[in-house]
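Taken verbatim from Swiss-Prot:
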- 1-45: region 'Disordered' (REGION)
- 81-101: transmembrane segment (TRANSMEM)
- N118: N-linked glycosylation site (CARBOHYD)
- 146-166: transmembrane segment (TRANSMEM)
- N167: N-linked glycosylation site (CARBOHYD)
- 206-226: transmembrane segment (TRANSMEM)
- 236-256: transmembrane segment (TRANSMEM)
- N274: N-linked glycosylation site (CARBOHYD)
- 317-337: transmembrane segment (TRANSMEM)
- 347-367: transmembrane segment (TRANSMEM)
- 407-427: transmembrane segment (TRANSMEM)
- 432-452: transmembrane segment (TRANSMEM)
- 469-489: transmembrane segment (TRANSMEM)
- N493: N-linked glycosylation site (CARBOHYD)
- 496-516: transmembrane segment (TRANSMEM)
Amino acid sequence: MHRRRRDNLMTPAEMVASMKPPQSLSTEDDDGSRRDSESSADVLKSNEEFQARMIPEDDDANSVTAQPTWTVLSDTEIKSVLVVASFAAAISPFSTSTYYPAVFAISQDLGVSVSKINLTMSSYQIFQGVAPTITAAFADTYGRRPMFLVCFAIYFVANVGLALQNNFTTLLVLRCLQSTGSSGTFALAQAVTADITTRAERGRYLIYATLGSTLGPFLGPVIGGLLVKFLGWRSVFWFLLCMGTVFALLIFIFFGETARPIVGDGSVPPQSWNRSFLQIRSKGITSLKPNLASLERRKSRPNPLTSLALLWDRENFILSVSGGLLYAGYSSVTSVLASQLQQRYKYDAVQVGLCYLPVGFGSLLAYRTTVRLMDWNFEREAKKQGLVIVKNQQTDITRFDLEKARLGFVFPMILVCSVLLVAYGWQMHYHAPLAPILVTMFLIAIILTGVMNAIAALLTDVNRENAAAVGAAMNLTRLLLGAGAVAVVGPLNKSAGIGWTATVTAGLWVLMMPTLRMVYRDGFVWRAGENERVHASNVELAALVRS
């Protein structure tokens, strides 16, 4: 099992005194085999006793260990950095959503079926999952800013080629290249959020960190529909090229490095080649004294396998697959909506684009509703467990049941979303009026955005030192599952109908819930046991060195 390094770990003595799990938990013999001598009821009781020892008593609630300030950036500066990063990440969802209204026109112009054009969406999602693992590895070593600029350079080349190509094979290859450039920016934006925000405050900053990626599904189909109708489908790629140029200029001029191994809390100047245009103009002059103690360990060389290694951890794996299944179901809805509206309702590209607006409105509204619920539940659990939250100070999670704080509200939301997805499928199947279909899509977007953000926040929280890598790992699982869903949904719709397709998807969501609940119930114990094993290994290593 992959061993993750946790921040703010306790000393070995404290680990032995307060973290050692009772013998009733599953232990290992010398030969590595697992033993479990008690009944399941006894094990559950022991787990509860273990958690009770790990969570501070109420008497200690007011004793706060002094923590350093997490970032020197002001609240306004944090929001500005997150907005710039989120707009840079917007090229990924824009490249997906502006393409939807063009599918029918491209298939007619190139003389291929819509199913073949759907393969370009599946291949796009596959590369959207794989490419960030490489981007994240280099970003954790060399910084976020240079990798943003590299991603944009690849993106520019792909869009020029897509606007000029004339056959399906070239379209397929260049869509993969376009995905390689655009998808890395999404993982980088997630890493920037982890660099400059604390766990307790992350929810309230999510609206800024995800503004660009939310506007993609919101505005992309409308813009794509207008472009296809009045200028032709090639204009979609020229538009993406121009938009990418604007966002790249924002990074080049305004965006400063945020990776903590390079700039720490923001007070340490980055390398001269890794400064924004504004920093170069000011010649690096700052009134801040560099806080070298805030620098984190820097990886000596990029390792693209880090993202895959993180998935070897059972908590990471369950969370990533759960988020992936939710995303796959969501993708299966949005990817076929365009063709369904054109075939069943005889809508043109502009009308199809307008029908995507409720999805965007729902996603945007989620950051004013369900994401605030995430912060509220975090504060409630912290108070319940006797943890004091201090503004701009990182929360120590070694004695905090973070899983209950993040996942406490997601299970009823998944059930409601499953019911809504079934309703959407059968409404489309029976050619229901468009109004209830759009309302259903709006509600799905609100609820599902909140659930996926809660899962993503938990993954980032427990892997903060590998923020870019865990973002890439999450993208890898969800986009590979999403690509599979998009590839399967077309044939499944033809054979069984969209009603049964939606019903099967909702059933998978419900079947996923018991596994996700294992993380909610036992994730804290898993992390505590892993921390103890890491410390035990460190003690053994130190003893060998001394001898």
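Just so it is clear, glycine is given a Cβ too, placed from its N, Cα and C backbone atoms.
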Restricting to CB pairs under 8 Å, which listed stretch, 81-101, 146-166, 236-256, 317-337, 469-489, is in contact most with the transmembrane segment (432-452)? 317-337
The transmembrane segment (206-226) in contact with the transmembrane segment (81-101), cutoff 8 A, at least 3 CB pairs, sep 6+: yes
N274 (N-linked glycosylation site), DSSP three-state class -> helix
Stretch among 81-101, 146-166, 317-337, 407-427 sharing the most Cβ pairs under 8 Å with the transmembrane segment (347-367): 81-101
Which of 146-166, 236-256, 317-337, 407-427, 496-516 shares the most C-beta pairs under 8 angstroms with the transmembrane segment (469-489)? 317-337
What three-state class does DSSP give N167 (N-linked glycosylation site)? coil
Other than its close neighbours in sequence, what residues sit by the transmembrane segment (236-256), given a CB gap under 8 Å and a spacing of at least six beyond its ends? 80-81, 84-85, 87-88, 90-91, 94-95, 98-99, 102, 145, 148-149, 152, 155-156, 159-160, 162-163, 212, 223-224, 227-228, 263, 270, 275-279
Three states by DSSP: which one describes N493 (N-linked glycosylation site)? helix
Consider the glycosylation sites N118, N274, N493 and say which one has the Cα lying nearest the Cα of N167 (N-linked glycosylation site). N118
Rank 81-101, 146-166, 496-516 by Cβ pairs under 8 Å to the transmembrane segment (407-427) and hand me the top one. 496-516
Other CB atoms within 10 A, centred on N167 (N-linked glycosylation site): 10
